[in-house]
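What follows is a short report on a single structure.
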Amino acid sequence: MKLIVGIGGMTNGGKTTLTNSLLRALPNCCVIHQDDFFKPQDQIAVGEDGFKQWDVLESLDMEAMLDTVQAWLSSPQKFARAHGVSVQPEASDTHILLLEGFLLYSYKPLVDLYSRRYFLTVPYEECKWRRSTRNYTVPDPPGLFDGHVWPMYQKYRQEMEANGVEVVYLDGMKSREELFREVLEDIQNSLLNRSQESAPSPARPARTQGPGRGCGHRTARPAASQQDSM
């Protein structure tokens, strides 16, 4: 059984924290981070807003990310070993892949591969404050959040909803533990439902046939006597 779970949503919504907690709790679980597929800085264009376009889909090598997902699909065991994940014997038939990122549901070739799609949100002010407390390899220039980050988040979320992509929205203002328990329980229920669906139906007991009644055959009527025909 293979399960691909998306942990998506806005920047600084709590995606990485939730993903790391799930990674430790779920059996035979691997993770792919979308941030690992950013193109080199010299390939990031400057947009009409005057900022480097880090928060658009074109800033990511999504074909390479898709290839990595396909590698997991073709052999979860091999992928797990290559990434230092030990396959648990008691759950050797179950393999889970977590995809974590801010634009998981905007790349069509990936959208239909998810078994579950989660989307973390926090209010504007909270998101802006969290962003200001983070240290990035490439520091945010003044005005980036309001001039680029937030408008791009709104744009891609609106496109996702307009395209009818079904997601489970998560309140990023909840405690880490509460979010973790909520998602873990949902994933475990999905695994249980899938295992029940794939389990063979119990054999129905054979019906006991009465004397002279073979399966699918009617008992022949005795030939009518001459008296009966009169």
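Glycine is treated like the rest: Cβ placed from N, Cα and C.
Over in Swiss-Prot, the protein carries these features:
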type: ACT_SITE; residues: Asp35; note: active site, proton acceptor
type: BINDING; residues: 9-17, Arg130, 134-136, 174-176; note: ATP binding site
type: BINDING; residues: Thr16, Asp35; note: Mg(2+) binding site
type: BINDING; residues: Asp35, Asp36, Phe37, Phe38, Trp54, Asp55, Arg131, Tyr136, Thr137; note: substrate binding site
type: REGION; residues: 191-230; note: region 'Disordered'
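Features as recorded by Swiss-Prot, highlighted on the structure.
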residue : record                       : contacts (Cβ under 8 Å, 6+ apart)
Thr11   : ATP binding site             : Asp55, Phe102, Cys127, Arg131, Val149, Tyr153
Lys15   : ATP binding site             : Ile7, Gly8, Gly9, Glu100, Gly101, Phe102, Leu120
Thr16   : Mg(2+) binding site          : His33, Glu100
Thr17   : ATP binding site             : Arg176
Asp35   : active site, proton acceptor : Gly101
Phe37   : substrate binding site       : Leu60, Asp61, Met62, Ala64, Met65
Trp54   : substrate binding site       : Phe38, Ile44, Val138, His148
Arg134  : ATP binding site             : Asn12
Ser175  : ATP binding site             : none
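In the three-state DSSP scheme, Lys15 (ATP binding site) is classed as helix. Counting other Cβ atoms within 10 Å of each Cβ, the lowest count among the binding-site residues Gly9, Tyr136 belongs to Tyr136. There are 24 other CB atoms within 10 A of the CB of Gly13 (ATP binding site), with all protein chains counted. The binding-site residues examined here are Arg131, Thr137; by Cβ neighbour count within 10 Å, the least packed of them is Thr137. Gly9 (ATP binding site) carries a strand DSSP state (E or B). Gly13 (ATP binding site) sits 19 Å from Thr137 (substrate binding site), taking the C-alpha atoms as the reference points. Look at Arg131 (substrate binding site): DSSP puts it in a helix.
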